[in-house]
Amino acid sequence: MARDLKDCRVPCKLLLEDLQALCRRKKLVCKQLSVTKNNFNDYEVEYLCNYKKHKGREFFLVKWKGYEESENTWEPLKNLKCPILLHQFRKDMKAALLQANEPLDSASLSGPIISFLRQKATQRIRLKKWEDLMNQTCWHKGRIFVSNEVDMDGPPKNFTYINENKLGKGVDMNAVIVGCECEDCVSQPVDGCCPGLLKFRRAYNESRRVKVMPGVPIYECNSKCRCGPDCANRVVQRGIQYDLCIFKTDNGRGWGVRTLQRINKNSFVMEYLGEIITTDEAEQRGVLYDKQGVTYLFDLDYVDDVYTIDAAHYGNISHFVNHSCDPNLQVYNVFIDNLDERLPRIALFAKRGIKAGEELTFDYKMTVDPVDAESTKMDLDFSRAGIEGSPIKRVHMECKCGVRNCRKYLF
């Protein structure tokens with residue numbers, strides 16, 4: 001039994017830095033955490049929560065990591081070796097003083113200002129822990145950052161970050177049983193590679209950018225293929241390649257997502273992930289979501305309207321991407337390790353070049369040219385595929401995208 005358990009791993013309930021603080025507080029030596037008798041008294045600033053000036057000297061009330069607030073201490077500026085926390089505290093303090101119309105050179109802070117600074121500091125800690133958790137959970141290269149400079153909202157409740165779709169009750173997915181025999185799917189494709197076997201042409205160029213029209217299905221190489229993981233026909237399965245930031249919008253659209261790196265036109269950005277459920281189940285959930293004024297239901301009606309992706313409680317960063325009537329992302333149906341046309345994977349590609357710092361959006365009510373749809377054996381219902389695409393939506397939702405050609409309503 002001991003031999004079988006030797007290489008087992010279990011999730012840790014605390015972050016390593018929290019465990020380090022706990023060991024120091026309890027005076028426990030732990031070599032694995034680099035806690036020794038020599039650094040028992042190394043204290044780490046968790047956040048700054050008050051400020052005062054006395055005889056020209058600045059003092060900050062410090063909340064120490066791993067210690068209760070009752071053990072907070074006032075420290076002179078020279079004792080603090082946390083420039084990032086100091087910069088953020090001064091920025092928050094200035095904003096709060098301006099908002100309250102109080103002097104910026106105040107020698108002490110009023111109760112409401114102190115309360116705001118404490119709330120803001122603890123909010124940032126919660127958001128940072130959520131950010132760390134998502135980055136520990138995700139499999140992809142691109143990092144996730146979180147920012148909220150608008151209000152006091154913390155991480156969303158009842159949301160679990162996932163790396164692949166979660167199958168709901170009554171949903172079965174059959175694994176692919178055949179793959180291509182190509183050694184080089186670009187220069188020496190055998191029988192047209194995976195797309196050719198299904199009478200389609202390859203969707204990507206040598207730079208892994210999509211080259212087919214929206215509405216044309218994408219068939220990537222799969223786990224049964226002879227080619228390796230660096231094959232140019234493996235794109236969506238490689239996951240997010242760009243650093244992205246979940247941020248709070250300042251115009252009532254809730255959370256949004258912006259890119260921190262430039263994204264070239266036709267590049268893969270992210271996959272829309274969630275819980276795959278039956279249309280009947282989606283109908284029931286849709287009634288509840290309508291009452292809440294939210295929508296995370298994405299119909300998979302490439303050929304038949306049988307299944308829906310619900311990203312309300314399980315999803316990835318796409319959960320936070322907002323709608324726009326003039327979006328910079330385009331939806332494509334992708335097939336990899338499952339070829340059931342009722343269960344495509346939903347991939348979002350850049351419609352144009354996207355600058356660093358720009359918000360990412362897609363059209364919840366996207367359309368496909370009927371000519372293109374017909375030419376690719378696609379059911380014309382795909383013109384309604386997406387978050388809008390079924391009778392689940394029973395109420396009008398106001399659009400707040402703000403673009404010139406805004407349709408005023410999402411649905």
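Each residue, glycine too, has its Cβ placed from N, Cα and C.
The feature Zn(2+) 2 binding site is assigned by Swiss-Prot to CYS180, CYS194, CYS221, CYS225, with similarity to another entry given as support. Non-local neighbourhood of CYS221 (Zn(2+) 2 binding site): GLY179, CYS180, CYS182, CYS185, CYS193, CYS194, CYS227, CYS231, ASN233, ARG234, ILE336, each in the same chain, at least six residues away, with C-beta under 8 Å from its C-beta.
Residues annotated as Zn(2+) 1 binding site in Swiss-Prot: CYS180, CYS182, CYS185, CYS193, CYS194. Secondary structure at CYS193 (Zn(2+) 1 binding site), taken from DSSP and collapsed to helix, strand or coil, is helix. Every protein chain shown contributes to the tally, and the Cβ of CYS193 (Zn(2+) 1 binding site) ends up with 27 other Cβ atoms within 10 Å.
Secondary structure at CYS325 (Zn(2+) 4 binding site), taken from DSSP and collapsed to helix, strand or coil, is coil. Taking a C-beta cut-off of under 8 angstroms and a sequence separation of 6 or more, CYS325 (Zn(2+) 4 binding site) has the following same-chain neighbours: ASP363, CYS399, CYS401, VAL403, ASN405, CYS406, ARG407. Here Swiss-Prot flags CYS325, CYS399, CYS401, CYS406 as Zn(2+) 4 binding site.
Annotation source Swiss-Prot lists domain 'Chromo' at 43-101. For the domain 'Chromo' (43-101), the predicted model reports an average pLDDT of 93.
According to Swiss-Prot, the feature domain 'Pre-SET' maps to 178-239, an assignment based on sequence analysis.
The feature domain 'SET' is assigned by Swiss-Prot to 242-365, with sequence analysis given as support.
Annotation comment: Swiss-Prot describes 395-411 as domain 'Post-SET', evidence class sequence analysis. Long-range Cβ contacts of the domain 'Post-SET' (395-411) within its own chain (Cβ-Cβ under 8 Å, at least 6 residues beyond either end) map to 251-253, 290, 293, 295, 322-326, 361, 364-365, 388.
Non-local neighbourhood of CYS225 (Zn(2+) 2 binding site): GLY179, CYS180, CYS182, CYS185, CYS194, CYS231, each in the same chain, at least six residues away, with C-beta under 8 Å from its C-beta. Every protein chain shown contributes to the tally, and the Cβ of CYS406 (Zn(2+) 4 binding site) ends up with 13 other Cβ atoms within 10 Å. When the neighbouring Cβ atoms lying within 10 Å are counted for each of the binding-site residues (CYS180, CYS182, CYS194, CYS399, CYS401), the highest count belongs to CYS194. Mapped onto DSSP classes, the domain 'Post-SET' (395-411) shows 0 helix, 2 strand, 15 coil. According to its DSSP assignment, CYS221 (Zn(2+) 2 binding site) is coil.
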